[in-house]
Structure formats: structure tokens, C-alpha cells
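Working notes, beginning with the structure itself.
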């Protein structure tokens, strides 16, 4: 697991070969704008990809096998899209290109549907990628100040024991880093099935001077809300178990003027 020493060291062209193109001076045409922290099996990325086909999105996951799974799935879906677009090969013949995921019984069915429909997906999944990294330690190494417009925290580890609360993905220290990489008016999306964790995240985000909670009515037209709620494997597990989901979104406020801190 390697991390760049600074954002300019990242070669995004390898992750988004059709969208992040470097010119003669090495300046890349597009930068990542959405970050899914702890992306799991990539459900959110897959759902958002056709909704924002020109926006680069990155999943960050610490587990090696899970990261590899998402990486292989993205490549397979890109291939399925290309073959469906360029030839008469039925997409059902490409099912073997998608890796299996033993964690979820319906994942194979989801994969089959995605492959069948890949040829009709706007952007052909060229705008999503995944990296194995510990985002709690290295996020500013990947992204410049104000680079991101959306950050997602979906069903993070609740770390139930009080002595482990400092390891939660939302904390005063980490919120300073999230505020650094998120541009003003950018949005942080959170969801969990653990009420205590939800209250913890809401409390700390509310207490931070650079974030304010977004009212539900303001989010009624935001397609990301539906994706956050229903697209992930963890979210589907909660539904099967008739559990509750607790959602909250926060807007990044402008930096205060000098003397107003």
C-alpha cells in the first residue's frame, strides 16, 4: 500500500485513461472530484458513474482483496461496455469477466444485470477507479486543497467500544482534513445503521465551524441521496434484516475572512 508524498505525484491517467489525459507539460485534463471513503465493493461508484459521466470518482479502500475485486469489476464493466458498443457480442457472453463476491449472495445477480446493461451506460464506467489506501492517514496526499466536491462515508466501522471511538472515520482531527480537501459548497454524505454512530457523526460535524447540516428538503433533488441509501452491499444487507438507516449530509462552508476566525 503506497501513497504519494503529495497530490502532484499521483498519475491519474492510469486510472482514467480516457478522461484524465496529460498534455505536453504533464498537466492532466481532469481531476478527481468525488471520493468514497471505505468504498467496500464499489456499489456507490457503480451507481453514480452514469449519473455523472464526466466527473472522476475514486473509491478508497484499505482491504486488499476488496480493492482488487472493485478494480477487476471496473475493468470488466469497461470491457463489457466497449464490446457491446463496438460489436454484436451478446453481453451475456462476458459474464465470466466479472469477479465473484462471496460476501453477498445477490452480488452475482447484480453483476449479471450490470454487464447486460453496460453498453447503454453513459461514460462506460471510464470515470470511476479504486485505490488501496488508508484515507484516515493519507487523504491530503492524494487531493489538493478544495479539489473535491463530494465525500462519502457509507456504513463506516462503528468501533462500538468507547476506547475505540478515536478510530472512527469522523473525528475533530479528521474533519479538518476533510474540510481541507473539500471545496466550499462541497457536500459530505454520511449513512449508517448504527444510531450511536449516526449521532456521533452528526455531533462532530455540527460542532465543526466549516460544516453545516443540509435540510432534507434541500436534498430532495439530489440523486446522490438515493444512491447513498440503496446502492451498496451493506445497505442491501440492512434492508434484508429490516434494519434502520440513518442519513445526514453536510455542506462545506466558505473559509472565514482574516480576523473572523
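Placed from the backbone N, Cα and C atoms, the Cβ positions cover glycine too.
Owing to the predicted nature of the structure, the values given are computational and were not obtained by experimental measurement.
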Have a look through 19, 154, 205, 210 and flag the one TrEMBL assigns to the S-adenosyl-L-methionine site that 38, 61, 62, 134, 135, 232, 233, 234 belong to.
154
Specify the count of other C-beta atoms within 10 Å of the C-beta of residue 232 (S-adenosyl-L-methionine binding site).
25
Count the other Cβ atoms sitting within 10 Å of the Cβ of residue 38 (S-adenosyl-L-methionine binding site), across every protein chain shown.
21
Sort residue 234 (S-adenosyl-L-methionine binding site) into helix, strand or coil using the DSSP assignment.
helix
